[in-house]
Structure formats: structure tokens, C-alpha cells
Amino acid sequence: MRIVQWFRSVGDRFGVLPIVILAAITRLWNLGYPSKLVFDETYYVKDAYTLWIAGHELAWPEGANDSFNSGNPDVYKTDPEFVVHAPLGKWIIGLGMRILGPSNPWGWRIMPALFGILSVWLLFLIAKRLLGSTRWALLPAFLLAIDGQAIVVSRTAILDGIVTGFLLLGFYLLLRATSAFKPMPWLLLMGLALGAGAAVKWTGFIFLAVFVAYYLVASRWQWKALLAVPVALGAYLLSWVGWFTTQGWGFRADNVIGSFIEYHQQMYHFHSTLAMAHPYQSNPLTWLTMLRPTSFFYESQGTSVSAINPIGNPIIWFAGLAALGFLFGWFAQYRDRLSLLVFIGFIAGYLPWLIYLNRTTFQFYSVTFEPWIMLAIALIAYRYRAIRLVAFGSLAATAVFLFFIPLYLGTEIPFWFWQWHMWLPTWV
């Protein structure tokens, strides 16, 4: 009996470790391939590089990608560049380049990869606190570890994986606040995490508003929770110190505050009116069914191809769609707290996009609310004790993961084998 208890204790303490190792392998294996900028790395890597040099983003000449890819990044101009996202995510990407070098693709991608690994661990901690069960908490962590969209976004030097890490941290801190005797430290830390998230992408402000609103209602209007808001704003403003001190794009010394506000107005105008046609744009209404995944990279050589596609694991995503339906029915009947907590994360990440159905958007934006879909799966499975279904579904999801992994890592494969992965005409 003691041996059994010992094994259970070890499993409860370290059971997530193999999953985190799996996440690390899928995020770090051959991370330097392709050895050139792919998709939106053309913006964020170069912006990150000049941030660490000038304190603000600088403009680049035509053909700068070729120079950057060949190991000569110092072809930037001296003019400030207008960019449409706050600086923190690019500071983080740039940190990797400071450590590993700007000519090393590992340097471009190491920080998003580490955030992707961290997100798997955070999701485990969140599920453990929600469900009160270590073993059931392993399920959503495992699903995030093997999901193709989460893997590819973590392996690419873009902002979405980084902001997802901050959003999960903010949610974990919210859960700590709801159960703490003294919740204020947790709420202030939540504000700090979500303010940092907003300093990567403004999505963090939406999650902040939703999480604070939830806490106010759940705590019967403990208005001190609103102190999380100025903390978040402070974290956001802190990320702009480089812009203020080095006079970035749009800075006017005679009207510092006015120029800062005007910059943000132009950023909002860009985000709210962007309607440039793109072959891989995807309407938010189709995200949950993955009708149009984005192609990050495609290169053919003879009869072989190398492709990188953030295609979500179909088993996981369609199970998640069903779980959200079950969860909605459960909440409609019982009005339970756990269902609501899962829903607020999903709603904060997804609902705002439905306002901009005519805007140019992409499937991989859904990575920010993807963890809450996996929490929905875990919560439904836990409530119904669907052990056999979970075992069968996990095996099926693993098989699909192994089948699709060449498209997550960019492994060279025969063209006919790549075609086998294009399950829908809209995936091509």
C-alpha cells in the first residue's frame, strides 16, 4: 500500500514533467529551420533588432530580408518606423537575439518557444486549481503540448504565443485571487501580467476587463479589485519607455502626451480598418472549424516539399467544439462557477473578433483562446468521468499529431504525402 501511495505521490508531483518535456521537444527541435524569416517574422524580428539598438523601431530598405537572412542585419535606416503593436513582445524577441545573436534563427525564435513551453505548464497549474485533481489537470496540458497551431506559433518569432503566455498567467493569478484570504496581492499581480500582455498585443486589455468584471461580481463588488487596472496601465506604459526616451516615430517633444495619444489613435485606426486581401485570411466565424489555416512557409524542390502550417489538431478542436456546447448546456442548467470561468477566457479571446468580421484576420489568432477550449474538454471529461473516452481520444489525437508533425516542423516530405495532409480544399 505504501509503495502504491508513493507512486501516486510521485505522479501527482511530477506527472506533468513528461508533458513539459514533450512540449519542449516539439517547440525546440530544429528550431533554426527555416534559416530565413518566415511570414510575419519579417516585421517582428527586424523591429526587435532595432529596438535593442535604438530604443525604438527603425525603418528598413527594400531587400532588407535578404541581408538579414544572410547574416548582415545592419542595413536598417535611421528613420523611426510606425508600428502597430506595443513594444514588449519585440523586446522579448530581441532578448533572444541579444543572447544568441541576430544572425542565428534560434535567436529570433527562442523566446516565443520558451513562452510556448511555459504556457503548457501554466495550463496544467490552472486546470489543477480549477478541477482540484492533478491527474485530470494533465489532460489540457497534454492537448496543448501536441496541438499543431500552438506548436507552430511557439516556433515562430511572432507575438501571439508570447501574449498567450501572459494571458494564462493572468488567469492563474485570477484563480489564486478568488480563493485567497487576502486577494489583493494576487489581483495586483494579475493586473501586472495582463498589462504586460497588453504591451505585447492589446488583447491583454480585453482579458483584463473581463477578469476584473468577473471578480467584482464573484466577490460581491469588492471595488478594491479595480486597483488591478492602474497596475496594468503602469505596466503597459513602462513598455514604452524606449519610445519616450529615444523619440520614436511620432514623438513630439513639445507635446509628449498628445503625440503618444495620437500614435495610439493611429494604431487603433489601422487595426479597426485593415482590409487588405490576403490569400490565407480567415473569417473569425470559421476559426473553430479550422476552415482556412495559415501557411507560414512553403518551399518545393523537385518532388519534395517543406511546409509549415499551424493546423490545429482536428481531434482536439472538434472535441473542443463539442465540449463548449456541453459546457454551455451545463451552465444554462446549473449556473456553476467552473463553467463560467472557462467561458470568460474563451469569450474574452474570441468574442471581440466578431465585431470585425470584415477585417483581415487569420486562423492562428485563435491561439490566444485555444487553452480555454482545452479546459472545456477537461472540465466536461472530469464531470462525466469519461476515462475511456479520454483514453481513446488522447490516442487518436496523438496519432493525428504524429501524422501532421512534418507540417509543424517543416520537415521535407514527398509532395504526395503533403497532399495527404490537405484534408479540405481550403487548407491548400
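Glycine is treated like the rest: Cβ placed from N, Cα and C.
According to TrEMBL, the protein carries these features:
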- 12-29: transmembrane segment (TRANSMEM)
- 85-236: domain 'Glycosyltransferase RgtA/B/C/D-like' (DOMAIN)
- 106-127: transmembrane segment (TRANSMEM)
- 157-175: transmembrane segment (TRANSMEM)
- 187-218: transmembrane segment (TRANSMEM)
- 225-245: transmembrane segment (TRANSMEM)
- 258-427: domain 'Protein O-mannosyl-transferase C-terminal four TM' (DOMAIN)
- 314-331: transmembrane segment (TRANSMEM)
- 338-356: transmembrane segment (TRANSMEM)
- 362-382: transmembrane segment (TRANSMEM)
- 389-409: transmembrane segment (TRANSMEM)
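At the 8 Å Cβ threshold, with sequence separation of at least 6, the transmembrane segment (106-127) comes into contact with the transmembrane segment (362-382) through 3 or more pairs. Averaged over the domain 'Glycosyltransferase RgtA/B/C/D-like' (85-236), the predicted model has a pLDDT of 97. Counted over residue pairs separated by six or more positions, the transmembrane segment (314-331) shares at least 3 Cβ pairs under 8 angstroms with the transmembrane segment (389-409), which defines the two as touching. The stretch from 12-29, 157-175, 338-356 that makes the most Cβ contacts under 8 Å with the transmembrane segment (389-409) is 12-29. By the Cβ criterion (under 8 Å, sequence separation of 6 or more), the transmembrane segment (338-356) is not in contact with the transmembrane segment (12-29), since fewer than 3 such pairs are found. Sequence-remote contacts of a segment are chain residues at least 6 beyond its ends whose Cβ falls under 8 Å from one of its Cβ atoms, and for the transmembrane segment (12-29) they are 113-114, 116-117, 120-121, 124, 134-135, 137-138, 141-142, 144-146, 151, 154-155, 405, 408-409.
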